[in-house]
Amino acid sequence: MELQRREDQGLSERKGQKRKLEEETKEDHEISVPTGDARRALLAEVTAQVNVLDSAFSWRESDRAAAKRATHVLAELAKNEEVVNVIVEGGAVPALVKHLQAPPCEDGDRSTKPFEHEVEKGSAFALGLLAVKPEHQQLIVDSGALSHLVNILRRHKDNSTRAVNSVIRRAADAITNLAHENSSIKTRVRMEGGIPPLVELLEFTDTKVQRAAAGALRTLAFKNDENKNQIVECNALPTLILMLRSEDAAIHYEAVGVIGNLVHSSPNIKKEVLAAGALQPVIGLLTSCCSESQREAALLLGQFAATDSDCKVHIVQRGAVRPLIEMLHSPDVQLKEMSAFALGRLAQDTHNQAGIAHIGGLLPLLKLLDSKNGSLQHNAAFALYGLADNEDNVSDFIRVGGVQRLQDGEFIVQATKDCVSKTLKRLEEKIHGRVLNHLLYLMRVAEKPVQRLVALALAHLCSLNDQRTIFIDNNGLELLLGLLGSTSPKQQLDGAVALFKLANKAMTLSPMDAAPPSPTPQVYLGEQYVNNATLSDVTFLVEGCYVICLLEALILAMEKHLVMGQKIAFVVIKILSFFSLAGRRFYAHRICLLASSDAFRAMFDGGYREKDARDIAIPNIRWEVFELMMRFIYTGSVDVMLDIAQDLLRAADQYLLEGLKRL
């Protein structure tokens with residue numbers, strides 16, 4: 001995640017840098033892509049300016065004026081990226097590099113020079129614009145530009161005038177563009193000695209120079225460990241941390257960017273940054289008026305939070321959570337993404353989880369699951385995964401509809417889907433003890449919509465052992481059935497799905513040993529024991545009458561919507577076996593049933609809930625079919641009439657009675 005964000009930031013660095021190079025030039029016009037005669041005319045213009053530069057390398061005032069005009073013309077042309085290739089083709093790079101240095105003068109000559117620093121500034125500006133295209137970066141460096149640019153950075157040691165400040169700034173900007181996403185040039189800058197003067201310039205009085213130096217260091221530090229180490233060794237951290245507190249948004253934006261690139265994938269530097277006191281000013285940037293600084297600060301806090309648990313706690317204690325949650329409501333997608341990233345890291349600590357939810361982080365994170373941005377969606381899901389680890393958050397998850405959002409969400413990447421599944425599993429594992437008691441309390445006293453949300457969630461999350469307590473003793477079933485009669489198709493469907501889930505749970509094996517192997521010899525007790533209460537140790541309730549309100553809701557739903565009614569009817573059939581209340585009694589004997597089939601053997605000697613039950617509901621088989629099936633089990637033969645054969649075959653198949661199936 002961090003790597004992707006830093007790579008994305010690299011792209012914004014390039015665009016931001018080019019924008020910065022252009023913004024201070026008064027004339028700002030675009031030139032369309034040249035073709036044919038227009039291209040030849042442009043190439044002729046470039047060649048003419050190159051000839052001027054080649055012939056005007058002296059301190060004569062006329063030469064300096066001509067060279068200044070030529071660099072200005074080339075820079076104006078280079079503002080349009082579409083004509084950069086033509087400028088390079090016309091031989092501008094060597095000519096501009098030549099004018100990055102002052103013309104030679106006689107020893108001891110201290111006289112005022114015409115246009116001193118002006119030509120070098122124009123050349124650096126033009127080369128910086130040409131370097132925006134990656135394919136020209138190496139050509140500029142191979143022409144010797146770096147050593148001259150680094151020497152320009154050192155001019156502040158001789159004097160500090162407006163002209164000196166301007167040329168230094170242009171040189172730093174040019175280095176930024178040359179080194180952008182080019183690891184070899186980043187290394188070359190360090191080898192040429194460019195990092196120490198850039199660090200020194202962070203303390204320069206001119207804020208524009210500070211920004212330019214920080215921008216260059218930011219680029220040089222990105223994914224280059226040797227550069228990072230040298231920047232830290234040059235004692236840049238104290239000044240960068242002071243810059244974080246600047247009221248100038250451009251200053252603290254560049255400073256937090258440098259620190260972010262320094263600590264990325266560098267745990268030792270991360271520790272040094274924290275030890276130097278960066279944490280509080282970074283937290284302060286969360287409320288900056290500059291959204292870029294807010295975004296970088298949130299990302300940096302997420303990186304800080306990856307160090308150790310103590311750091312996570314310190315970040316929260318120092319007031320980071322509330323502004324991070326406020327950022328979740330921003331229209332800026334990247335700002336929300338970085339905020340969710342930071343909260344996700346903080347939420348992996350037990351002490352922080354309840355606090356983040358209590359301050360109001362839960363609902364905006366759940367809403368971000370609806371985002372169409374994969375990274376934002378995943379960051380939100382990861383944060384929710386952390387919050388779900390705390391028992392105090394479970395009720396809040398459920399009462400705001402979090403379980404439904406997790407279940408119904410359309411997630412873009414597989415990693416997010418896996419994260420959501422793990423979050424639901426975490427919630428499920430916590431539905432017991434005081435958490436369950438609180439949810440049952442809400443089902444009794446909360447407003448009806450909350451009661452229904454709790455019932456819906458518990459249908460999916462509760463254990464088999466708690467079903468009767470929740471849905472019979474505490475009226476959870478009544479709440480779900482009420483949804484079937486809702487005017488909202490969504491609520492009807494949610495209720496039907498919850499009932500279906502509940503029924504499936506009730507009919508599954510409990511976590512006990514599986515049924516033993518099938519018996520070998522068949523035992524028939526005889527006709528006299530069919531439905532005989534003598535020595536009976538189990539009773540089947542066949543064709544039971546069921547909860548009246550369930551049937552009423554079914555009829556109402558079917559009247560309103562046929563298709564929905566069919567779905568609900570299927571659900572009702574599934575749950576009748578669990579919630580039946582009474583039926584016609586059929587007396588049976590376990591020993592006979594155990595010997596008859598694997599199905600009954602698993603029921604009474606395996607892990608099914610019927611193992612110890614005295615009364616067992618049989619809701620889905622008619623009395624006459626069930627009676628014939630049992631007669632076959634007791635006697636080994638039965639007369640099958642055509643009008644009942646199909647139902648009897650279905651029952652025989654359900655209970656694995658192979659002999660009856662063949663018959």
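Every residue, even glycine, has its Cβ placed from backbone N, Cα and C.
In TrEMBL, annotation is done automatically, which means it is predicted and not curated.
Features as listed in TrEMBL:
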- 1-33: region 'Disordered' (REGION)
- 91-145: repeat 'ARM' (REPEAT)
- 144-193: repeat 'ARM' (REPEAT)
- 193-228: repeat 'ARM' (REPEAT)
- 235-277: repeat 'ARM' (REPEAT)
- 319-361: repeat 'ARM' (REPEAT)
- 360-402: repeat 'ARM' (REPEAT)
- 569-642: domain 'BTB' (DOMAIN)
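Counting same-chain residues at least six beyond the ends of the repeat 'ARM' (360-402), those with a Cβ under 8 angstroms from any Cβ of the stretch are 1, 4, 321, 324-325, 328-329, 333, 336-337, 340-341, 343-344, 346-348, 350, 353-354, 409, 411-413, 415-416, 419-420, 422-423, 426-427, 430-431, 434-435, 438-439, 442, 446, 450, 453-454, 457.
Residues 6, 10, 13, 17, 20, 146, 149-150, 153-154, 156, 160, 165, 168-170, 172-173, 175-176, 179-180, 183, 186-187, 234-236, 239-240, 243, 248, 250-251, 254-255, 257-258, 261-262, 264-266, 269 of the same chain lie 6+ residues outside the repeat 'ARM' (193-228) yet bring a C-beta within less than 8 angstroms of a C-beta in it. Residues of the repeat 'ARM' (360-402) grouped by DSSP class, helix first, strand second and coil last, total 33 helix, 0 strand, 10 coil.
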